[in-house]
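Asks: Input: one structure, supplied below.
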Amino acid sequence: MSKLGDYAAVKKDILAVLKQPEYDDGSAGPVLVRLAWHASGTYCARTDTGGSNGAGMRYEAEGGDPANAGLQHARVFLEPIKEKHSWITYADLWTLAGVVAIEAMGGPSIQWKPGRTDFADDSRLPPRGRLPDGAQGADHLRFIFNRMGFNDQEIVALSGAHNLGRCHSDRSGFEGPWVNSPTRFSNQYYKLLLKLKWQPKKWDGPFQYVAKAPGADDDDEQLMMLPTDYALIQDEKMRPWVEKYAEDRDAFFNDFAKVFAKLIELGVYRDESGIARADKMKQFKGEYKSAPQKSPVPGAPGAGKDGEANPLARQNERAHGQAQHALAKL
């Protein structure tokens, strides 16, 4: 066991678990980034609930959310580290692992602060349905990310995390990698999004786009893009950022480092010593419905058609109002 606060020792052990020959593309890195992302991406600025504090995925209500399918692998990879360094909280370990993995895979150095606490029970968990649904369009992206406090530029920058990893049909329903080198952080995601001729995938699964990788043989695995990825180049306000990041790797790395650091601080309330206070976090009270789920039919509700989330946005407005009214009485 390391000394209390010896984060260098924790980082060293995180680096040691990244190589996983039997796992996706031989690396645990991408799934650790996804764990940090999903642990943080439940934040709602309107109700001031959710976020990276608490490590709620330890409980079924959050860990069993279909949007978090497959993240049990990331948690299993990190469990020996938690056992060895028992003083670190899960909330800190999960976010630190994402930051360490990004840099180890060639990405930028990202600011990370310790001090998050773990929930003692599941009473403060955010509702399901707050994470992005890859089958949607630009309106859904804004609905989800604006709720957390992100603008269009930050949405496009955070989408660059799709430089890493792959989709699995038994988890998200989608299948395939976004880029040629899914364990190397780069701006290739944006370049391929603009360069390749993306076509609807012919299969029985949810609607997604596929294209032949540059230099690939006909029988090689195809690259893929989600409807939310393709929406970035269809939307007139988001596309310029895709073009900028495709052209300027350094600009992307710089912006990604800033926005990922912002993401993993969402919902963290620190006292003067820097320790996050779980007792300052608010409980969500009220109903929250998720956006439409995946559809195999292009253009159908749930397949990425603009405007589809508007009715659900109105429902959530009412839910937010109810939640704020309840919180005002606390």
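Note: Cβ is positioned from N, Cα and C throughout, glycine not excepted.
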Asks: Out of 151-195, 286-330, which range is noted as region 'Disordered' by Swiss-Prot?
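Replies: Checked against Swiss-Prot: region 'Disordered' maps to 286-330.
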Asks: Using a 10 Å radius around each Cβ and all protein chains in view, which of these recorded positions has the most neighbours: Arg34, His162?
Replies: His162
Asks: For Trp178 (active site, tryptophan radical intermediate), write down the residues of its own chain that are at least 6 apart in sequence and whose Cβ falls under 8 Å from its Cβ; none is a fine answer.
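Replies: When sequence neighbours closer than 6 are ignored, Trp178 (active site, tryptophan radical intermediate) has His162, Asn163, Gly165, Arg166, Tyr189, Leu192, Leu223, Met224, Met225, Asp229 within Cβ distance under 8 Å.
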Asks: Compile a sequence-ordered list of residues in the same chain as His38 (active site, proton acceptor), six or more apart from it, whose Cβ lies below 8 A from its Cβ; state 'none' when nothing qualifies.
Replies: Met57, Ala67, Asn68, Leu71, Leu131
